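Engineer: Following this message is one structure expressed as structure tokens.
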């Protein structure tokens, strides 16, 4: 299921090398275009038009219209949207929690009621997990596999400006919500947070589509992206009741650049959703009032001694290593399953088998009366977290001050083994289990699992510290005990921060525990964990992006000064596919058929001057070619020929309407008229060639052939000849939409600046020009290679081949490096070998 | 002092309309260029060159060199820089706090020791404040007035990419640190935070300059800006020991766009500085361990009831109104002082009088035994804050649980009047006092004053609530008392957030108080305060930017959907000053003399084709003209003429060396050789014209005239003629650095997108092109006008004249609005009246 998902992704992401998909898509687009009914917006706009005051109620109508306009203007305001989004997400999060709790309690209840028979208990325990996971995986499969996984990698890609339409549909929303609830209800070590970011974005996309009935601002793409990025903040906020942390985490995890203008959107929506999420809990009388989700009760008067900072720093570094290891292990599992052909084929045929096997393995190992008793398996993830954050020390019994709040420490105090063993086992087992569990094809996140493991690891470190200094730390005449719970807090933030490469987990944990007195230790641990993890491995999300082969832009590592010395000319591709103003349809068709993965093509004035006029979208060109050789013109040609040859115009139209269905003919007529009025020119056709552009349905094809042979007695040859002449005509770009100012770079732009530009403007390609002439192109692919090249330098012997000998000289004048002396440019202009006309055969050979 | 400061700003900001400054600057630059010694970097690089292994110690040398290289590479790493910056700032902040505390204690001590004589007490109280403020204002004046004010507006401008060099000098640093300490030591209602952001940036700039000795990465401009933005986070973090809040506040207050890549820099430096700042306090035995700065002790088990959220919301709205009022009042005072000619002239002559008068007024009113007793003036700002955050209720005596921590509530419990009156008076008096005090020409911030006022206001609201519900709020069978301190916390965050238009004050207050249990109420109050304040007034920083006339880019208001419908063609200027490839020196000179405020000029292929080739910096052009008519060529010409006429070459050089000093001639010879070898062409000269470009020093001028009359017997006329012919020559752009890809927009780009681009790329102008032809330009000025135009629409009757009738039609297709049909472009291309050649006389008329 995994590799198919990846294929689907690439198909819908428009960056496929496969032309078939393109042609199909194009055909669909054109068909839709021609037969398009006015959209909801247009209809509402035509309604608004106050021309139609019919008789007496004109005034009333105009008043109504004004009211409606006001209402629409209101609904168009961002804050309405954000508040609605916040409320929805709060509700969904609470509802889902309710469902998950119900499932988990059911498991516990069945398990408890079978206390007499261990085998039945085991059966119930495993069956519960297997059934829920199977349902989750099956349901996801049923509604399309886009709901699989956490969704943060995909959101990161979407917010970078890449269109992945299938990821934001209603179907995916349903699949994600239902499957996630059942997956989490199974008790597997999975998280809710990642998928929730995706769910919030889905919710925003749907809401946006719904609201566009009222105001057409919702159709603006920039705004849409801004709303999505606000929504991704809501996702986390509604899970954790952590509005600030949610906003920051979403910025760090999903964005590369952030508009401050957008800040308040995230905060508003996140606060509303967190508030509503907690208010629902109060109304449900689950809580007395709004408090933190995992409230801690540490002393605030003397939280920690200065010397303990060192211990926190060590904990941070260890968490960083652990985090990098987690990412590595997870990728290893993914790649093992994908690359071993036997395993891949085996699981491809039995798609539900893999999650079932994984679930059986994990739930067997965590069965409480079995091995689970040594790793606190009778607790849910939430209860484990609460127990880790407890401010009593387990390794030193009897020192607790008050016992009036729930105590889950019994799970860790096994009569045979001590606390260190249970905690250590928990960390070790959960570590690989979580890395394995998140490879299952169900909606699941990795945040909470790493959070729990980190908390356990921190608790272990804290208990060790407490055992090492049983009397606490002596400072200024007073002795202060060590609080292992605080280490758990720091460990949770550090490990989850290391895995996701974010610093804001520190903020999340403060909001989650309701205490901020460990501000500095936690910050230190999180920063050090990030430093360590970032130098070893990419973040889990980037790793996923790589595994799923989504188009991504790797982050520039930090402190790599080489990146200032690598220039665009070192890594740009000089082999740019372009079209010229005076090209003919044949060139166009050849260029389009050549496998190229970019959505747009450069338009030059001529291949001699190479002056860049702008860029044209591939689909636009496809439309131009289709118009020249497409069905309407073909039919028109038939009609014409028939008219010319047999002089029986009325009969022909009757005959052709027999071949095709009535409706199609009407449509065709309409289209023909359109085409005719706009471009009155000679036409030609060729079935084979048409087939390569249009996928004819078999029935249509037959009808065509029939009508062709019916009307046309001349040999095929003649048609082909005509068609060739048609292709040799110069292209008429008149109705083609061009983007007149595509983004341009210069040869001397540094890698660092190029990366910044690509991040800032969410580019996916840029042309490299020299005084107006196109000399190359940089796309995400080239940039990726260049960055990977420059990153590899760090740990190694080789210099990047491109950064030749420039370091010393260029870096001394890199303040104004962008500006170049004109005579150099002119020299290049003149000396450069006259660019060959682009030969499509070249690219054909490659593809 | 204020208006001069503004003038200075505009001079150094390169956006002046005054050409004189430019010419001078240019001359200085050229002189520096020709006589430039190799910079430190170059020297260190030449040292690095391992060619010079002299004899036996070659190996040792190369080893040393390798070590040095490694060291340099290390020092070049960002984290070293950030850690150093953090340590420095922590130290400075702590040292400054120490100094301020010392001053304040001295004031208190003198005041206390004179307890018997009220008049002497008054004298001491006022004198202390006046002396310190006068010293502060005088010292600032002495070292340049760039240290005046908070510095956040300037940093915002600098981080937008505008070069304000004088704001980041060592002199300014000293002025700011010393003056700020003495200003805050005076006890006036001023803040440390704003200036500290500036100080951190100054520190980073200086450190960067120092570090550039080791590694030349520090010279990269992008990196420099990135480091400055990290430094601005450090500023606040080191003041408040609030790393997270500091980072967020600096992002919100100084940035318009934010690279996530930059995030960790801010966090690392801020954490280090906050840590060091607090560790210093512990070492100083001021504190037992690291805790929050203004620790609160609220109950965490049941912090607030759901119904109290409403009260917090009302508090937020009221704070928002108050915040907008504060900004308005502050601007009113500024404008009153500046616009009233009499007052302006009066204070311009006696620069120190204004701060003295303000200080006397404020300190008289706050004199504790006088009126000050009704508004708790015996407390410092810090003590007031601590008292407001107290969790005991003042209006209901005797309910406090424990008394083991300092209690400042006595200041508010006046025997004659009740708490409500003292708090109300405090809010009212401090409100206008703070607004007045921050107009003094001393380094001062507004954050802490608004913070204190907000806390008092919140406390007042809290005490009112406590009086209204004396028994607390009944919920679920238990009665919970109201905590007025929590309202103070919310009020402080809300008011300071409203004044600065930031949400992150909420985070700051959590870090400052060490408690986060009031997360949601505070967030609600802050968000509502922001909403209210933003709809009435700009932020205090933006208001300052407007007052100081710094080049700024106003934020797009929120929810203004018109901005999507306004296009570039509606607000671009069509009157672009340009030069063409085939223009002559006269055109160049005319264009340069025409008053235009932009740093760069467009370079077109020809005025017929209007194809944009790139842009050239004004200074480059100035250099080209100077080279054609400048001193070296003039001397060369003299020499040549003399040689030709009198055939006595050796005598001439002796003679000319009598006119000018020996050193100058040597220099000239060198230059002449350079010029000669690069551009061998006929030359000419004219003193008057030269004067307009070069400001000759009088002695030089005389020498010139002497040598002219000495060598040259021909009439002036001939020279002028020659010079005219010289000016008619086509310009040789060969050695001119051009920027080959200036940023381009299209006519149809929306205002929203233009704003985004300008913010993202820190542009200050962009050319508008249509298929390669220049048709207009948008600079910050035009953009400002367009935004102000579209913002005015909101509250008013008028439509922006530009957004004509497009709303309905264009918005329905605004998904692909950027792309235009080619034939439309060509139509415009052909139909557009042939652009007239740019006549410099036009712009002369305007200027």
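Each Cβ is built from the backbone N, Cα and C atoms, and glycine gets one as well.
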Engineer: Given B:47-69, B:70-92, B:93-115, B:162-184, which one carries TrEMBL's transmembrane segment label?
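Structural biologist: Within the set B:47-69, B:70-92, B:93-115, B:162-184, TrEMBL attaches transmembrane segment to B:70-92.
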Engineer: Under TrEMBL, the annotation transmembrane segment belongs to which of these stretches: B:263-283, B:284-304?
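Structural biologist: Based on what TrEMBL states, transmembrane segment spans B:263-283.
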Engineer: Among B:196-218, B:380-402, indicate the range for which TrEMBL gives the feature transmembrane segment.
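Structural biologist: That would be B:196-218, per the transmembrane segment entry in TrEMBL.
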Engineer: Using TrEMBL as the reference, determine which range in B:21-42, B:417-438 is annotated transmembrane segment.
Structural biologist: B:417-438
Engineer: Among B:517-536, B:537-556, B:557-576, indicate the range for which TrEMBL gives the feature transmembrane segment.
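Structural biologist: Transmembrane segment, as annotated by TrEMBL, spans B:517-536.
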Engineer: Is it true that the transmembrane segment (B:517-536) and the transmembrane segment (B:309-331) have 3 or more CB pairs under 8 Å, sequence gap of 6 or more?
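Structural biologist: Yes, the stretches contact each other.
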Engineer: May I ask for the residues of the chain that lie six or more residues beyond the transmembrane segment (B:450-469) and have a Cβ under 8 Å from a Cβ within it?
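Structural biologist: The answer is 189, 191, 308, 311, 314-315, 318-319, 322-323, 326, 381, 384-385, 388-389, 393-396, 419-420, 423-424, 426-427, 430-431, 434, 481-496, 499-500, 505.
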Engineer: Which range wins on Cβ pairs under 8 Å with the transmembrane segment (B:230-251): B:122-143, B:263-283, B:309-331, B:352-371?
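Structural biologist: Most contacts with the transmembrane segment (B:230-251): B:263-283.
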Engineer: Using a Cβ cut-off under 8 Å, which residues of the same chain at least 6 positions beyond either end of the transmembrane segment (B:263-283) come close to it?
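Structural biologist: For the transmembrane segment (B:263-283), the far contacts come to 78-79, 82-83, 85-87, 89-91, 93-94, 226-227, 229-231, 233-234, 236-238, 240-244, 246-247, 250-251, 289-290.
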Engineer: Looking at B:122-143, B:352-371, B:417-438, which one has the highest count of Cβ pairs under 8 angstroms to the transmembrane segment (B:309-331)?
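Structural biologist: When the Cβ pairs under 8 Å are tallied, B:417-438 comes out ahead.
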Engineer: For the transmembrane segment (B:352-371), what are the same-chain contacts with Cβ under 8 Å, counting residues 6+ beyond its ends?
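Structural biologist: Non-local partners: 111, 118, 121-122, 125-126, 129-130, 133-134, 136-138, 141, 186-189, 337, 346, 377-378, 429, 433, 436-437, 439-442.
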